[in-house]
Amino acid sequence: MDAFQYRENQLFCESVPVARLAEEYGTPLYVYSGSMILDALRTLQAVYAEVDPLVCYSVKANSNLGVLRLLNGHGSGFDVVSGGELFRVLKAGGDPGKTVFAGVGKSDPEIAQAIDAGVLMFNVESEAELDSIARVAAEMGRIAPIALRVNPDVDPKTHRYTSTGQKQSKFGVDIERAVRIAQTAKDKPSLTMIGMHMHIGSQITSVDPYVKAVAKGVELIRQLREMGHPIAWYNMGGGYGIAYKGHEARPIREFAEAILPGIKAAGCRLAIEPGRVIAGNAGVLVSRVLYTKQSGDKRFLIQDAAMNDLIRPALYESFHRIWPVAVPEGLPAPPTDYEAEIPGAEPRDVVGPICESGDFFAKDRPLPPLDRGDLLATFSAGAYGMVMASNYNTRPRAAEVLVEGDQAKLVRRRETLDDLVAQELDL
Ligand SMILES: *Cc1c(COP(=O)(O)O)cnc(C)c1O
C-alpha cells in the first residue's frame with residue numbers, strides 16, 4: 001500500500017493533506033503514515049507465519065517513541081543496537097522478552113542493562129564480547145541467552161556502506177571461527193546459546209544473497225546442535241530493500257518464499273530484524289523552497305531542509321523521489337520511472353542551506369517549475385532519516401508527525417534554539 005497519494009493535485013498522507021501539516025507544524029517536517037508502518041509489519045508477520053516468526057523491528061531505522069509504541073501495540077518485538085535504544089523500547093512499553101540486542105561494541109554497563117531488563121537474546125559479534133557477556137552475567141548470577149552473529153560471506157550487492165555480511169566486514173564472525181567460539185561457549189555456564197544470527201546488509205533488492213546465506217546457516221545450526229547447543233532461533237536479520245525510485249525492490253513475499261524452506265529445514269523459530277522495509281516508505285520529509293537560483297548552466301532549488309535533516313544522499317549517494325506537495329495543474333503525479341521523459345519538468349539541483357557541497361538531496365533532478373514558498377516532499381524518508389539528523393550549523397532538528405486515518409499527532413516537537421544550547425549553559 002502507499003498512503004501518500006495525490007488527490008486533486010494535493011499530496012495526502014492517509015486522509016490528511018500534507019500542506020495542512022506543514023502550515024500547522026512548520027518545515028522541515030517528517031510525516032509518517034501509521035497505516036503503512038502497520039501494513040508492512042502485518043505483511044511480514046503473515047508471510048512467515050509457518051515458522052512462528054518474531055518480527056523484531058530494527059529501532060535504529062526510526063526510533064521515535066510514537067512509532068515504537070504503534071508497533072508494540074501490534075505485536076512487534078524490537079532489535080536494538082545500544083543501551084539507548086533499549087531505553088526507548090522500554091519507554092514505549094515494549095517487551096524486553098521480544099527484544100534482541102545487536103551491535104559490535106556493547107559496553108559492560110549496556111550488557112548489564114540488557115541482562116537486567118531480560119532481553120530475548122544477545123547477538124554476539126566476537127569472542128571477546130562472548131567473554132564479556134559471560135563475565136557480566138556470572139557477576140549478576142544470571143544466565144544470558146545468546147545467538148552467535150555469523151558472517152556467511154555472501155555479497156548482498158548493495159552500497160559498500162550498507163554491506164555487512166562479507167568476510168572482511170567488522171560485523172559478526174566467519175563460519176569457521178563461529179564453530180570454534182561455539183566450542184568455548186560450552187564451558188561458560190552463565191551463557192546459553194539459543195540462536196544463530198545473520199544480518200548480511202541493508203537495502204538488499206534481490207533474494208539470492210538470502211538464499212545463499214540460509215543454506216550456510218542451516219548447516220551451521222546442525223553443527224551447533226551437535227555440540228549440544230539448544231538452538232531454537234534462526235535470526236535472519238534485516239536488510240529487505242525498498243523502492244526508492246518506484247519499483248526496484250522485490251516484494252516481501254518473494255523473500256519469504258526463498259527463505260522459508262531453509263528455516264523449516266532447520267526446525268527453528270524465525271526472528272527477523274526489518275527496519276527500512278517497515279519505516280522507509282512510510283515517511284516523507286516536507287520542506288519549503290527558500291530560493292531558486294541559476295549558476296552557470298545549473299539551476300538550483302534552495303530549500304529549508306538540509307543534510308542535517310536527511311543525510312542519506314550525502315552518505316550513501318542515495319536516491320529519493322522529490323515532488324511538489326501541490327502539483328501544478330496539468331502536471332503528473334510524481335514519476336516512478338526516471339528513465340522516461342517527464343513532461344513539463346526541468347533538471348534542478350535540490351540543495352539545503354548548509355555550508356557543504358555535500359548538502360544536496362538531488363542533482364539534475366527533473367522537477368516542475370517551483371517558486372519561493374512552494375512545498376516539496378522528499379519521499380521514502382521514514383527510515384534512516386530523522387535518526388541520523390544532527391544540529392550541524394546549529395539547526396534545530398525537524399518536528400515529526402504520525403498520521404493515522406484523519407488523525408495527525410505531533411510525536412516530536414521541533415527543537416528550539418534553547419534546546420540546542422541547554423547542555424552548554426553551565427559553562
Ligand atoms: C541495521 C540493522 C538491521 C536493520 O536493517 P534494515 O536494512 O533497516 O532492515 C537489522 N539487524 C541489524 C543487526 C542491523 O544492524
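Positions of Cβ are set from backbone N, Cα and C atoms, glycine also.
What TrEMBL says about a protein is an automatic prediction, not a curated fact.
Here is what TrEMBL says about this protein:
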| type | residues | note |
| --- | --- | --- |
| DOMAIN | 30-382 | domain 'Orn/DAP/Arg decarboxylase 2 C-terminal' |
| DOMAIN | 42-279 | domain 'Orn/DAP/Arg decarboxylase 2 N-terminal' |
| MOD_RES | Lys60 | N6-(pyridoxal phosphate)lysine |
| BINDING | Gly239, Glu273, Pro274, Gly275, Arg276, Tyr384 | pyridoxal 5'-phosphate binding site |
| BINDING | Arg276, Arg312, Tyr316, Glu356, Tyr384 | substrate binding site |
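Feature map: TrEMBL annotations on the structure.
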{"residue": "Lys60", "record": "N6-(pyridoxal phosphate)lysine", "DSSP (3 states)": "helix"}
{"residue": "Gly239", "record": "pyridoxal 5'-phosphate binding site", "DSSP (3 states)": "coil"}
{"residue": "Glu273", "record": "pyridoxal 5'-phosphate binding site", "DSSP (3 states)": "coil"}
{"residue": "Arg312", "record": "substrate binding site", "DSSP (3 states)": "helix"}
{"residue": "Glu356", "record": "substrate binding site", "DSSP (3 states)": "coil"}
{"residue": "Tyr384", "record": "pyridoxal 5'-phosphate binding site", "DSSP (3 states)": "coil"}
Practice item. Find, among the binding-site residues listed as Glu273, Glu356, the one whose Cβ has the highest number of other Cβ atoms within 10 Å in the structure shown. Key: Glu273
Check your understanding: Within the set Pro274, Arg276, Arg312, Tyr316, Tyr384, which binding-site residues show a CB-to-ligand 1 distance under 6 A?
Key -> Pro274, Arg276
Practice item. Round to the nearest Å and give the CA-to-CA distance linking Tyr384 (pyridoxal 5'-phosphate binding site) with the residue listed as 'N6-(pyridoxal phosphate)lysine'. Key: 7
Point to revise | Candidate recorded positions Lys60, Arg312, Tyr316, Glu356, pick with smallest Cα gap to Arg276 (pyridoxal 5'-phosphate binding site) | key: Lys60
Point to revise | Cβ neighbour count (within 10 Å, all chains shown) around Gly275 (pyridoxal 5'-phosphate binding site) | key: 25
Review point. Do you know which of the binding-site residues Gly239, Pro274 has the most other C-beta atoms within 10 angstroms of its C-beta?
Key: Gly239
**Study point:** Maximum Cα-Cα separation (Å), residues Arg276, Arg312, Tyr316, Glu356, Tyr384 listed as binding substrate
**Key:** 27
Check your understanding: So which one is it: of the binding-site residues Arg276, Arg312, which has the fewest other Cβ atoms within 10 Å?
Key -> Arg312
